[in-house]
Structure formats: C-alpha cells, structure tokens
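A.B. asks: Here you go, one structure.
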C-alpha cells in the first residue's frame, strides 16, 4: 500500500514538453519504474510513470538500483537525457552493472530516464545503410542479430539508419556489448542520417549487433 505522501508525489511527477519522452493517448503503456538511492532496492524509493529529466530534482543524488514493472525505458548517464544510454526492460536491476555491465564501460551514474513509447517487439522493422544520408548498400532488418557480420553485413560500421516501426537498441560490439544506442521510429521521424544523431555519447559509427526492444 502506498502512503498518502507517496501517492501525492506520484501525482506531481515532472513532465516535459518533448512529445517523444512521455506516453501519448493511444500508445501501448502503461509505464512504471521504481528507483532507489541505494543498491539492492534499499534506501529512498520513488515510482514514476513518465519521464524524469533530473533525479536530483526529486532529492536523489543518483539511481543505484531500480525495478521496471511495465514498459521499456531508457536510462541516461547525465541529466536532460544526455550521456551514455542504458536500455531498461521489464525486470529488476539491483546494481548499476545490471543495466550497464554489458556496456564494457564502468559507469555508475544514472541521472535521467524516460519511457520508450514506440517499442513494439512483434512488429519492428528498420533499414541500415552503408554510408551517411541513406546511401550505399542497405539491409532491411526485422529480427535480432547478435552479430551483423556473421549474418552477412560486410563490415563493422553502419552509416545511417531508418526506423520504420518499433524501437531498437544497437550495440558497438557483437553479442550486445559496448555502447548502447536506442533508436525509435518516433524520434527524428525515424530517420538517423548520421551516427552523431544516435545520441550525445556517440563517437563512432561502429555497430555490430542489433535487437528489438521488448515492451
């Protein structure tokens, strides 16, 4: 049972003017995530059903564990949805390495997060292109690929991508490891014409594994 104070906090969760960051009428939803300021689901806790651009505004100095109860979310290293991205699908994350362990980088900060409104695992489709601006060889994808090269893609880089439906997470290395880039059909109109549009942390066009995001 939630206390009256907790219920009031849930009613005053921060919102954002960005249409892509919060659930919209008719979207799949609902979304629900619970964050904790200590590892192993200890300490202060707070539930969210919409995006949070800065956990420090909710009196959290960091998120050290969390539970995703419904929907899919993106966690960010910094405030305002910037820095490293972490895919957060339904389940429990007792420590930072549960959401960034396969990242291959030691990042213990998670300061903002938002729901992924376009995730649709069964009907996801995207096209990857050899070069920027949708030029060169292309390949349509509608399944999970732990190794693009093993499945026929000719190198370890992708120049640009079009997301026709759903939401995807692309990884720097095979086996879903390395930097994570979450690409959605309702961001940029689904068009990512250059690797710099994959996220504020993007430093390379290297992509070697791709999978659909579970809703």
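Cβ coordinates come from backbone N, Cα and C, glycine included.
Annotations for this protein, taken from Swiss-Prot, read as follows:
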type     : residues : note
MOD_RES  : 1        : N-acetylmethionine
REGION   : 1-29     : region 'Disordered'
REGION   : 1-30     : region 'N-terminal arm'
COMPBIAS : 1-16     : compositional bias 'Low complexity'
DOMAIN   : 31-70    : domain 'Beta/gamma crystallin 'Greek key' 1'
DOMAIN   : 71-117   : domain 'Beta/gamma crystallin 'Greek key' 2'
MOD_RES  : 82       : S-glutathionyl cysteine
MOD_RES  : 82       : S-methylcysteine
MOD_RES  : 117      : S-glutathionyl cysteine
MOD_RES  : 117      : S-methylcysteine
REGION   : 118-123  : region 'Connecting peptide'
DOMAIN   : 124-165  : domain 'Beta/gamma crystallin 'Greek key' 3'
DOMAIN   : 166-214  : domain 'Beta/gamma crystallin 'Greek key' 4'
MOD_RES  : 185      : S-methylcysteine
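I'm curious about the neighbourhood of these features; can you describe it?
C.D. replies: Confidence over the region 'N-terminal arm' (1-30), given as mean pLDDT on the 0 to 100 scale, stands at 41.
Every protein chain considered, the tally of other Cβ atoms within 10 Å of the Cβ of residue 82 (S-glutathionyl cysteine) stands at 15.
For the recorded site, residue 117 (S-glutathionyl cysteine), the DSSP three-state label reads coil. Over all protein chains present, the Cβ of residue 117 (S-glutathionyl cysteine) has 25 other Cβ atoms lying within 10 Å.
Using a Cβ-Cβ cut-off under 8 Å and counting only residues 6 or more beyond its ends in the same chain, the region 'Connecting peptide' (118-123) has close neighbours at 28, 71-72, 165-167, 184-186, 212-215.
Nonlocal intrachain contacts for the domain 'Beta/gamma crystallin 'Greek key' 3' (124-165), taken as residues 6+ away from its ends with a CB within less than 8 angstroms of a stretch CB, comprise 118, 174-176, 183-185, 190-195, 204-213.
Residue 185 (S-methylcysteine) carries neither a helix nor a strand DSSP state and counts as coil.
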A.B. asks: Measure from the CA atom of residue 117 (S-glutathionyl cysteine) to the CA atom of residue 185 (S-methylcysteine) and give the result in Å, rounded to a whole number.
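C.D. replies: Roughly 10 Å, rounded to the nearest whole number.
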